[in-house]
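Below is a structure I'd like to ask you about.
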Amino acid sequence: MAVAALVVLVPMLAATLLAAWSPLAPRRSSLLGLAPAMACVVLAAMLLGHSVGRRQIVWFSGWHPRGGAAIGIDFAVDPIGAGLALFVAVLALVAFVLAARLIVEKSLLFDALVLLFVAGMLGFCLSGDVFNMFVFFELMSVAGYVLVGYEIRHRAPLEGSLTFAVTNTVGSILFLFGIALVYGTSGALNLAQIGRALHDRPLDLAVILGFALIAVGLLIKAAVVPFHLWTADAYAVATTPVCILLAGAFSELGLYGLMRIYWAAFHGVLGRHDAELRAVLVVAGALTAVLAATMCMLQHHLKRMLAFATIAQVGLFLIGLGLLSADGVAGTAIWIVGDGVTKAALFAIVGLVEHRHGSLTEGRLRGVARSSWPLGVLFAIGALTIASLPPTGSFLGRSLVEDAALKADGYRWVPVLMAAVTAVIAGTLLRAGVRVFAGWGARAGEDPYDADERDDERAPRSGAVLLTVASGLLAAAIGWGVVPGLRTAVARAAAVFVDTGGYGASVLGGVSPVVVVPELKAPGTTGLLYAGASLAGALIIATFGLLGFGRRPPQAARVVIATLRAIHSGRPTDYVAWTATGAAALCGVLAVVLR
């Protein structure tokens with residue numbers, strides 16, 4: 001199918017042309033980046049339409065499988081992958097609109113880098129070859145490193161880019177080592193062929209370590225604890241359009257890649273250990289959510305606050321996917337989209353505040369943005385959406401994940417954890433919003449990142465455009481939860497995604513087996529109660545924060561806070577050490593529980 005190839009080819013060709021044209025046209029036209037971004041949205045939407053309810057397999061150059069063996073490279077397009085590609089394309093379009101208004105000095109190279117970033121993400125969503133997945137992920141990673149450090153006139157972006165690059169390069173190396181082990185044991189790089197080869201052999205240490213190293217590499221990209229340390233440093237210094245792509249899609253793609261590789265290639269050999277793997281993934285997600293929510297509450301720098309909110313949400317998404325069920329995949333897919341557009345709106349608002357007032361910390365901004373009360377209203381709506389305000393997409397997705405957890409033995413505590421974590425995140429954001437846009441409450445404490453403020457930016461040319469974009473994104477977040485037929489469509493997509501046998505038959509045999517579609521019930525009283533608990537908790541936490549509670553914590557709490565801040569030191573060497581420790585621990589745990 002030509003559309004699948006064009007989805008990736010269009011942004012790559014456009015990036016090449018823009019980079020070549022850049023020396024001749026140093027002052028860019030915003031339309032030059034918007035045009036290919038709009039084309040990507042249209043092509044991705046067409047691709048999703050073609051893949052509804054089934055997989056579309058594209059073999060490049062006509063190299064089709066022979067004798068049940070893949071001899072070429074394919075795109076294996078299913079509704080989840082195509083839907084994620086469409087989501088990425090929409091976020092890219094939003095990023096280009098914001099870039100035209102928020103970024104002051106740049107050339108066409110910025111647009112070229114964003115298009116390369118997007119091309120890598122789109123290719124990763126569609127690829128059916130594990131090595132090609134690695135190549136596309138590296139393409140988006142390298143482009144991401146440059147985009148984070150784009151404003152080279154300042155030191156902080158360069159430092160954030162360095163920590164991002166060093167930590168994620170370690171992840172890339174581990175990912176590649178895992179691919180090498182898998183290739184050595186299966187003799188294949190195509191996901192479907194790997195699955196068939198591993199299904200017929202005993203589960204040995206080489207297979208386990210291959211999967212574990214791939215998982216570590218992708219979890220580093222996803223920013224799962226303890227691999228998350230680069231995230232806040234990168235988000236705090238990146239431009240707002242780049243933050244939207246990082247927070248909305250980059251980390252989530254790490255989780256998508258892990259689940260794609262597991263269900264397509266490893267479920268056949270690891271499936272009898274589902275209970276043990278489920279426990280590892282859910283616990284990792286829970287630790288990520290709790291630690292990141294705690295760090296979020298300690299922040300006064302708005303972008304770092306949103307960064308830790310993103311990490312906490314990634315932890316919750318990992319719980320949903322880690323349940324290893326079609327229900328969990330369906331709920332998480334809906335939740336990721338709802339949360340992604342909400343975070344895009346929040347980053348747009350924060351970016352506008354930064355460019356109007358030259359700061360990102362609560363202390364400096366207290367009451368400064370009173371005249372921008374419409375932004376304050378939107379920010380509050382976004383914060384409440386994070387807490388799963390009905391009937392938003394976040395509420396629907398989270399309710400479905402909670403239902404999936406209640407069906408699994410031993411995970412009835414998951415809804416309580418999700419309610420608590422989202423309450424902390426939303427309460428922290430509400431505290432910041434009220435302090436910035438209303439000037440209420442006690443003054444914020446000292447922020448160690450005040451020194452990173454950049455006061456030489458000028459105001460954007462049109463705040464009305466950005467206000468419209470933020471409003472549209474929040475409207476989409478709310479409307480996403482009430483789209484007719486959404487639960488049925490996503491349930492079918494999730495059933496296709498987790499159908500390991502069907503994946504192999506589609507790719508290697510050219511047939512599309514019928515899948516059993518789970519019934520996803522509409523959120524009931526239980527979901528509403530947990531959402532209500534999150535909203536009430538958010539209001540309580542915001543009130544306590546505004547009144548100054550917790551500014552003088554007990555000695556034990558001060559020690560814990562100091563330790564957490566010390567771990568997030570901003571030094572790449574520390575981050576690599578924690579990454580190596582986490583990698584060794586995760587590989588060791590998987591080697592023990594999967595044998």
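From the backbone N, Cα and C atoms, a Cβ is placed for every residue, glycine too.
So TrEMBL says this about it:
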type	residues	note
TRANSMEM	29-50	transmembrane segment
TRANSMEM	82-100	transmembrane segment
DOMAIN	127-414	domain 'NADH:quinone oxidoreductase/Mrp antiporter transmembrane'
TRANSMEM	162-185	transmembrane segment
TRANSMEM	205-227	transmembrane segment
TRANSMEM	234-259	transmembrane segment
TRANSMEM	279-298	transmembrane segment
TRANSMEM	373-390	transmembrane segment
TRANSMEM	410-430	transmembrane segment
TRANSMEM	464-483	transmembrane segment
TRANSMEM	489-516	transmembrane segment
TRANSMEM	528-549	transmembrane segment
TRANSMEM	575-594	transmembrane segment
Using Cβ distances below 8 Å and needing 3 or more such pairs, separated by at least 6 in sequence, tell me whether the transmembrane segment (234-259) contacts the transmembrane segment (528-549).
no
What residues in the same chain, six or more past the boundaries of the transmembrane segment (489-516), come closer than 8 Å to it by Cβ-Cβ distance?
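Cβ under 8 Å, 6 or more out: 52-55, 57, 64-65, 68-70, 74, 76, 78-80, 83, 128, 190-193, 195-196, 259-260, 263-264, 267-268, 271, 325-327, 329-330, 333-334.
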Please report, as numbers and ranges, the same-chain residues at least 6 past the borders of the transmembrane segment (373-390) whose CB is under 8 Å from any CB of it.
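Sequence-distant neighbours of the transmembrane segment (373-390): 309, 313, 338-339, 342, 345-346, 349, 352-353, 398-399, 422-423, 425-427, 429-430, 433-434, 436-438, 467, 470-471, 474, 477-478, 481, 523, 528, 530-531, 534-535, 537-538.
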Could you tell me whether the transmembrane segment (410-430) and the transmembrane segment (162-185) are in contact, taking contact to mean 3+ Cβ pairs under 8 Å with a sequence separation of 6 or more?
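When sequence-distant Cβ pairs are counted, the transmembrane segment (410-430) does not touch the transmembrane segment (162-185), since fewer than 3 lie under 8 Å.
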Hey, which bits of the same chain come close to the transmembrane segment (464-483), Cβ under 8 Å, at least six residues off its ends?
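Residues packing against the transmembrane segment (464-483) from afar: 94, 97-98, 101-102, 334, 337-338, 341-342, 344-345, 348-349, 351-352, 374-375, 378, 381-382, 385, 390-396.
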Can you name the far-off residues of the same chain, 6+ from the ends of the transmembrane segment (528-549), with a Cβ under 8 Å from a Cβ of it?
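Sequence-remote neighbours of the transmembrane segment (528-549) are 297, 383-384, 387-390, 395, 398-399, 402, 415-416, 418-420, 422-428, 430-431, 434-435, 440-442.
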